[in-house]
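As structure tokens, the structure follows; a few thoughts come after it.
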Amino acid sequence: MAKKKNGKSKTSSIPKNRSNYKKTQTEIKDDYEALLEQASDAIFVSNKRGEYTDVNKRACEMLGYTKKELLKLKMIDLIPPEDHDLDPIKFDLIRTKKPTLTERRFVHKNGNIIDVEVSGVMLDDGRMQGIVRDITKRKKVEAALISGGEQFRITFENAPIGVCLTDADGYYLKVNKAYCEMLGYSEKELLSIDFPSLSHPEELQQNIDLKNIALAGEINSFEMEKRYKTKKGEIIWVLLKSSLVRNENKEPLYFIAHIQDITERKKAEDTVKESEQRFRALMEEASDAVFITKDGKLLDANANALKLLGYSKKELQTLDLKTLLHPEDIKKIQTDYAPVNSNEGYAVVESRITHKNGSHIWAEISVKKLKDGRIQAIARDITERKQAEDALKTSEERYRTLAEAAHDTIFIIDKNDTVQYVNSFGAKRLGRNPDEIIGQKRSVVFPPAIAEKQGQNLRIVFETGKPMYVEGKMLDNNNWINIDTSLAPVKNDDGNVVAVLGISRDVTEVKQGEHLSEVLNKINASINSTLDFDSIMQKVVEESRKAINCDTAIINLREDDHWVIGYVNGLITQFSSDTVGMRFSNQELKSSEIAVKTREVIVIQDAPNDASLNMKTVDKYKIRSLMVAPLFAKEEAIGTLYFIYHTDSIDFKPAEIDFAKKLSTSVSLAIQNARLYQAALESEAKKVPDKN
């Protein structure tokens, strides 16, 4: 029996049957060991003296030791000697029983250094437990970003769209601020998971298949639209563009992906044109090479220099310095290095150096003259950076070419209402060159009739930070056209809108087609609602002329050997209502003969110079442009439908031609029905007996 502090006894919690107690403890131990072995991270357990008492399988795989070997080591044995003083193990902090999270370096059994992240905690029994994750890949990526230059780091971290790096298994190695904000996760949270856990199941397999195809070397990059699930549980659509970066041995290093949120575009049915995004490649980490020269001869070189160029030290010492330089770069190098040769100066130049195998490596070479007269040259491999610069230049030229080739008006307006960019097509619409517009105030560039409303829409985008879609009008070389405009915010690194990108598309023909379709529906409804044939046919020519906005519309009726004007609506005296019933020979209306013979709508833009027409008819009735649609009742030609311009030569648009074709079908049917109806009336009249 155990005793309390007050001296009274209490019942022991130990089971009377101790064999059952041992069995329970064994099961607990088995469960613990199973969890230990199944853990994806390395787990180390040590005593108070820092001696390992237990490790899991992942710990052995990470460091290359067997479990038996690791249990003979202390914590300090896995830390590089140079880190013992610089980064000692914080035993005092661990003993506070507060969890710790640190980054440090471990030594692999083969001597290689690996970067790890250690989460340490003291257990209830006084032992210390460390959960260790290998972050070597992530540290290499960070080093690659640093060696890539400050400009690249700033570009990566502050890109307005999501950018991330993932390993071959899909785990995140590096993510930028925009990607974190897009998904609602912190950088730390994303670096602990993989992209499949965030992907919508319907696109996941496609994404994995494309990744594996790239890893197999069949493709270098891929692009797809997919869905992600944010931290809040929301589903967003993204455009994913991913490229596989390989090392110089063509081994996969990591994927770099550009992710653009296209949820709004999906919801708004392509309201905002997907902005083309610029793809950039990360360069591999490069070691510095050190050369010592004098009088153009190579005296010494470090191991990194030998590795960079593929020579042994003995081979390098037999070479002339010029042997290693690209012939095209020698003159430039001599000019840039002149100050170094004259005194103890310092110079930096980018040049190509020659590998033993004959290939050329771009290097940034820092040169300094030593006091003893020797020259020290430190070369850093920047081949990947130069390739990235060339790719970027090509990409920028390609995107600018696309914008310049577009038959839409593309423009950028900043917060000061100044035109930052306009493409050549857009400038041409305004009757100017791009140089005459860029830098000018928008309110001056665009006509007052549209500038005010345009300004209101721009202010909405600046204030809300959201894209919008508007319809309006615009001058195109002094002609008003209908346009649909997509306005999208351009944001800086802080998420503030600094400009608005606009893309305006001419939809005049689309709008006209919609209008003509409405007119045709009204005409068809009128035809079907009355038996007053003459009245409705007169309305047909009036409404159709107004819809096409031409000067004259005529329905010619076909007689045995001539043509008769059946219905007319015109703006000139030659085609007034008095001309109804006027007869024309087949020769005078050659255009009608052509239309019924071809059974097609014929369009003649420049009638005075068209040899297929009767010039006397053209001159007499001042016909400049003409569209003729044939009318048929079954296989019989019963007339033609004319649309005429008398003052200008006009090119009839596809929507107008389609309207005339459909209208001719409706009119043909109406004439046929009217004739059948008339024949029925006459037949009935004959049946009525004559009272006389």
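From the backbone N, Cα and C atoms, a Cβ is placed for every residue, glycine too.
Per TrEMBL, the feature region 'Disordered' maps to 1-24.
Marked as compositional bias 'Polar residues' by TrEMBL: 9-18.
Residues annotated as domain 'PAS' in TrEMBL: 28-85 (among others). Within the model, the domain 'PAS' (28-85) shows a mean pLDDT value of 85, rounded to a whole number.
The domain 'PAS' annotation in TrEMBL covers 148-218 (among others).
Per-class residue totals from DSSP over the domain 'PAC' (222-274), listed helix then strand then coil: 5 helix, 30 strand, 18 coil. Taken from TrEMBL, the feature domain 'PAC' covers 222-274 (among others).
Marked as domain 'PAS' by TrEMBL: 275-344 (among others).
Per TrEMBL, the feature domain 'PAC' maps to 347-394 (among others).
Summarising the annotation, TrEMBL assigns coiled coil to 378-405.
The feature domain 'PAS' is assigned by TrEMBL to 395-465 (among others).
For 454-519 (among others), the entry in TrEMBL reads domain 'PAC'.
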Selected stretch (most C-beta pairs under 8 A with the domain 'PAS' (148-218)) from 28-85, 347-394, 395-465: 347-394
The domain 'PAC' (454-519), counted residue by residue under DSSP: helix, strand, coil: 23 helix, 32 strand, 11 coil
